[in-house]
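TrEMBL has this to say about the protein:
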| type | residues | note |
| --- | --- | --- |
| TRANSMEM | B:15-37 | transmembrane segment |
| DOMAIN | B:38-554 | domain 'Cytochrome oxidase subunit I profile' |
| TRANSMEM | B:58-78 | transmembrane segment |
| TRANSMEM | B:140-159 | transmembrane segment |
| TRANSMEM | B:185-209 | transmembrane segment |
| TRANSMEM | B:229-249 | transmembrane segment |
| TRANSMEM | B:269-291 | transmembrane segment |
| TRANSMEM | B:312-332 | transmembrane segment |
| TRANSMEM | B:338-357 | transmembrane segment |
| TRANSMEM | B:378-402 | transmembrane segment |
| TRANSMEM | B:414-436 | transmembrane segment |
| TRANSMEM | B:489-514 | transmembrane segment |
| TRANSMEM | B:587-617 | transmembrane segment |
């Protein structure tokens with residue numbers, strides 16, 4: 001029976017519910033802007049990762065390598081673009 | 001009548017009225033011609049509804065050649081205006097419109113479809129596939145591109161052309177300074193074409209990763225396919241930025257948002273930033289397939305295998321990452337500090353390293369090769385020195401301190417033309433000549449082809465070298481005239497002669513196509529160049545299903561070993577082949593996109609809403625329809641193969 005029980009999916013489902021509740025707390029409780037936004041960013045990205053890995057089966061086929069390479073490359077490009085733009089338009093601007 | 005006033009041209013001239021008449025007559029001629037020769041059914045069945053990657057490739061090719069001439073006419077007009085000081089051939093407004101459309105047409109509607117044309121035709125053949133991964137999506141890509149291009153091209157006769165440069169910087173491109181609908185056309189037409197390009201990117205990554213012939217590992221792929229893979233990865237990561245930037249720009253212009261305005265919390269520099277976050281990778285989207293073409297042509301005609309295959313692959317992978325790290329070098333003078341400029345100077349110079357590796361690999365491939373100078377090879381040999389000059393001046397521009405001198409001058413114009421023309425145009429012409437027999441079953445005339453290559457090669461140098469000098473002397477780009485006292489006259493006159501040589505070269509290419517269509521021998525082998533990669537293993541022209549039997553690949557030069565070392569390429573017997581069905585939906589949906597775009601440009605909301613509903617209806621139809629494709633029987637394949645001269649020989 002143990003192999004048949006969808007433990008990973010159930011845990012994933014519960015975790016995503018918890019992440020949603022935590023994100024909702026930002027609306028109902030009175031956090032400062034910085035704290036609120038930090039919570040939202042962390043829960044949002046964890047949620048997205050959870051969706052990809054658990055529910056969209058990112059690592060479960062033989063395309064695993066290509067899929068993860070793509071995701072990591074996407075993250076790298078996104079970070080470079082965001083921080084590069086901040087550097088060019090805000091921080092490095094004199 | 002008030003409603004129709006918006007369609008008037010804000011700044012008319014006799015030339016534009018003449019173009020209106022010419023366009024009207026051409027449309028009538030096409031409609032009458034198709035009706036008279038009863039070709040409507042043929043056009044619809046064989047071309048408009050096709051999902052065959054080869055036919056889509058040819059349609060891309062025709063569009064690219066048409067746009068090459070549209071952009072070329074713009075270029076000749078600019079060079080003619082600047083040929084003598086204080087010329088009055090064009091006024092400043094027309095000059096602005098012409099250089100803006102020249103840039104957009106050449107990059108987005110000429111270079112892009114040209115590389116996608118070759119990728120479409122060649123990549124599935126090189127990997128031994130029957131079609132791309134998503135044939136229907138491929139048709140949608142083409143028609144979206146085509147409708148975007150047509151929407152952009154009608155701007156100069158309906159409502160006015162964009163006039164804020166091909167970069168369309170805000171605040172100049174905002175409503176305050178660009179009052180005509182021209183910039184709306186820019187935002188929306190490029191958006192529609194860009195959607196098609198993004199789909200192509202996804203389609204080709206899936207095709208190359210999933211549909212290679214058995215035994216063809218990634219490191220056994222032909223170099224053109226490798227370059228296509230890397231290019232499409234860059235497309236998928238870069239084009240969304242353009243999509244977002246164009247959407248924001250459209251909102252600013254049509255719905256009074258404040259993303260790029262100078263007041264109310266908007267940031268005009270953000271446009272320049274986003275534009276070049278897409279724009280610099282775009283340069284590599286154009287150049288990498290060109291490198292791929294050279295990597296096919298040079299080994300074929302040097303009769304050696306490609307030197308440094310692995311380093312070629314790795315240099316492209318590195319370029320794929322570095323191309324996203326250099327965009328700020330397009331606006332060094334915008335006012336950011338020395339630290340930022342230094343960082344982007346260094347990344348820019350770093351990208352010259354992998355490019356240099358590729359140049360040396362081609363030189364080493366030529367070294368001790370038995371070189372045959374054919375037309376494609378001639379383009380490749382002309383490319384290496386001219387491109388290197390363009391590239392080295394790029395490294396000069398990359399030094400941010402020195403860039404304050406070069407910025408916005410003709411020096412820059414000379415640099416990027418000397419990179420893009422040998423890098424993209426020569427490569428596409430080389431590829432066109434090289435793969436022409438595969439596409440059409442006859443060869444282009446070598447004699448006329450070489451004349452054209454020499455004219456274009458020398459014309460490029462004559463047209464753009466003088467700009468280095470006038471640019472260093474201070475001639476600014478995008479200025480519609482200059483005084484005699486500046487001394488720029490002589491350089492611009494020389495450049496004008498170069499432009500004429502280029503024009504003659506391109507006319508010769510058209511003549512060559514005409515001449516060869518009429519007179520060239522149809523009795524040519526499937527592999528007329530004695531080439532190395534799989535696309536030459538099937539018949540010319542290629543049957544619908546590409547390969548009767550899927551090839552079995554066990555080395556980098558599988559076809560070469562098949563020819564020279566008697567390795568068997570096609571194992572087994574004919575089997576039924578599953579092919580996709582044609583569909584008219586991509587065309588209809590893209591036509592609706594055209595109507596939607598046109599309605600948005602002129603703020604005709606009711607029409608925009610109706611056409612948007614139509615677009616969603618097409619998507620709904622696709623979601624619900626059952627389309628299992630069709631099967632070609634073994635008898636049908638046997639018959640076709642026999643007619644084409646027997647397979648597997």
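All residue numbers here begin at 1 and follow the chain in the order shown.
Yeah, the Cβs are placed from backbone N, Cα and C, and that goes for glycine too.
Between the transmembrane segment (B:58-78) and the transmembrane segment (B:489-514) there are 3 or more Cβ pairs closer than 8 Å, counting only residues 6 or more apart in sequence, so the two stretches are in contact. Remote same-chain partners of the transmembrane segment (B:312-332), defined as residues 6 or more beyond its termini with a Cβ less than 8 Å from a stretch Cβ, comprise 219, 223, 226-227, 230, 233-234, 237-238, 269, 272-273, 276-277, 279-281, 283-284, 288, 291, 295, 306, 340-341, 343-345, 347-348, 350-351, 354-355, 357-358, 361, 397-398, 400, 403-404, 407. In the predicted model, residues of the domain 'Cytochrome oxidase subunit I profile' (B:38-554) average a pLDDT of 93.
Residues 6-9, 16, 19-20, 23, 56, 59-60, 63, 67, 70, 97, 101, 104-105, 108-109, 112-113, 116, 180-182, 185-186, 188-197, 199-200, 203, 586-587, 589-591, 593-594, 597-598, 601-602 of the same chain sit 6 or more residues outside the transmembrane segment (B:140-159) yet have a Cβ under 8 Å from a Cβ within it.
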